[in-house]
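Each remark here refers to the structure printed beneath this line.
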Amino acid sequence: MEDFGLYIIITNPQSSYRSIAESCVERGVKMLQLREKSLSDKELIRLGKEIRDITRGSETSFVMNDRADIAAICEADFLHLGQDDMSMEEARKIVGDMKIGLSTHSIQQVKEALVQKPDYIGFGPVYPTNAKARPDQPVGIEQLKQVLNMATIPVVAIGGIFPENIQTILSAGAKNIAMVRHFMQTDQFDERVLEFTNLINKK
Ligand SMILES: Cc1ncc(COP(=O)(O)OP(=O)(O)O)c(N)n1
Ligand SMILES: Cc1ncsc1CCOP(=O)(O)O
Ligand SMILES: [Mg+2]
């Protein structure tokens, strides 16, 4: 799989799910994840199908977080699994050959994840974050550089990334960057996407 650049994760957005997905399609954002932890299954499926309909046939891949069953129901492009979620092997029984991304939080976890041959790995949190329940210790830039050198699949830098530190992340060699709060805690979603796609693509 090729590097994909900006990876937007939807959690408690200030803008509507529809307008976020439409903006991602229009601006050519390659990865859009639905990550909602407190919605009913019914509501999650409704939103997943809405995002699927908007992104279908576009450059924007739709990623479902945590839930293999709902990823399959909504015909997502990817399922994203973390260390506390079901294993890739278990997920395969539900999602078949759907692409899968795995979260990692240490060099050891990266080594173990690579053996499972996911389509990409998330690595972080690079910096402290409160957008995740019980976040792991920040991994920092030096470990991020090490992982970027080790991995033969796309590595997604995640956690505490904002305009103030994006240049440090890019200078470390990261080609794929996931963010929650910078894009969710604003009513200027489209403007921020434009700003970031320009910034990341310039590098
Ligand atoms: C791209 C990406 N990387 C990491 C995560 C975190 O997944 P996980 O550790 O399972 O934590 P939750 O997001 O489920 O709270 C992610 N979602 N996406
Ligand atoms: C889901 C997740 N996994 C590791 S850090 C994180 C949250 C990232 O959110 P933010 O970009 O707002 O720090
Ligand atoms: Mg998870």
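Glycine residues also receive a Cβ, built from the backbone N, Cα and C atoms like all the rest.
Quantities reported herein were computed from a predicted structural model and do not represent experimental measurements.
TrEMBL names Q33, L34, R35, E36, K37, S103, K132 for binding 4-amino-2-methyl-5-(diphosphooxymethyl)pyrimidine. Of N65, N165, N176, the residue it gives for the same site is N65. Between the C-alpha atoms of K37 (4-amino-2-methyl-5-(diphosphooxymethyl)pyrimidine binding site) and D66 (Mg(2+) binding site), the distance comes to 9 Å. Taking a Cβ cut-off of under 6 Å from any atom of ligand 3, the binding-site residues Q33, L34, R35, E36, D66, K132 reduce to D66. Mapped onto three states, the DSSP output places N65 (4-amino-2-methyl-5-(diphosphooxymethyl)pyrimidine binding site) in strand.
In this structure, the C-alpha atom of Q33 (4-amino-2-methyl-5-(diphosphooxymethyl)pyrimidine binding site) lies 10 angstrom from that of D66 (Mg(2+) binding site). Proximity to ligand 1 (Cβ under 6 Å from any of its atoms) holds for these binding-site residues out of L34, E36, K37, D66, D85: D66, D85.
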